[in-house]
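Taking it in order: structure first as structure tokens, then the write-up.
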Amino acid sequence: MNFAIAIDGPAAAGKGTIGRAMAAHFGFPHMDTGLLYRAVGRRVLSGMPALEAARALTPEDLQADGLRTAEVGQAASQVAALPQVRAALLDFQRAFAQRAGGAILDGRDIGTVICPDAAVKLFVTASDDVRAQRRHAELISKGADLTLEAVLADLQARDARDMQRADAPLKPAEDAMVLDTSRLSIDEAVEKAIALATARMAAREFSPIRPN
């Protein structure tokens, strides 16, 4: 039986951290779909046309260095606004979501476009200031020289682009459960997400095979 968990939300809200923790808890494979667009964006920055980059994407591209830089993040947001790029990556994501036993995907349009029939849909969010502080700390720890104000402006510009694009805009699915992590620790956010998913599993009489 397939059991897909869709996690959506803006940058630095915690969806990736929650997705990885839930994957470890339930023994599900996990895909950070944002890495697909970052990998495409990275190729575009090197001079490759966006659609060609999307079609040429390989699993190895998702392991490339430099995918988490602010420059690549902005490029990812820009290529993600292109309908032809999103279409080129659609089957790749849906095939992952259909894995036997279960799968967890996090991104910006998982519950609305990629997996509209997902058994669990979470929309993870947090205030702009909290998200900027998290991303700033992450980037500084990696040696970046950016001000908090610059990071906040970057996040807000990306939010606007993601929410206003005509194709698959960032928004909660109508049946998504919203999880605001602004005042939660990582452990608290993960605990709440797991509890929500566990309750939905019980309602569907689904029992995951957890790792030893």
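If you go along the chain as it appears here, the first residue is 1 and each next one adds 1.
Glycine too: its Cβ is placed from the backbone N, Cα and C atoms.
Per Swiss-Prot, the features are:
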BINDING   G9, P10, A11, A12, A13, G14, K15, G16, T17  ATP binding site
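Within the same chain, residues at least 6 positions away in sequence whose Cβ sits under 8 Å from that of G9 (ATP binding site) are K15, D106, R108, L122, F123, V124, T125, L170. For K15 (ATP binding site), the Cβ neighbour count at a 10 Å cut-off comes to 28, with all displayed protein chains included. Set side by side, the binding-site residues A11, A13 differ in how many other CB atoms lie within 10 angstroms of their CB, and the most is found at A13.
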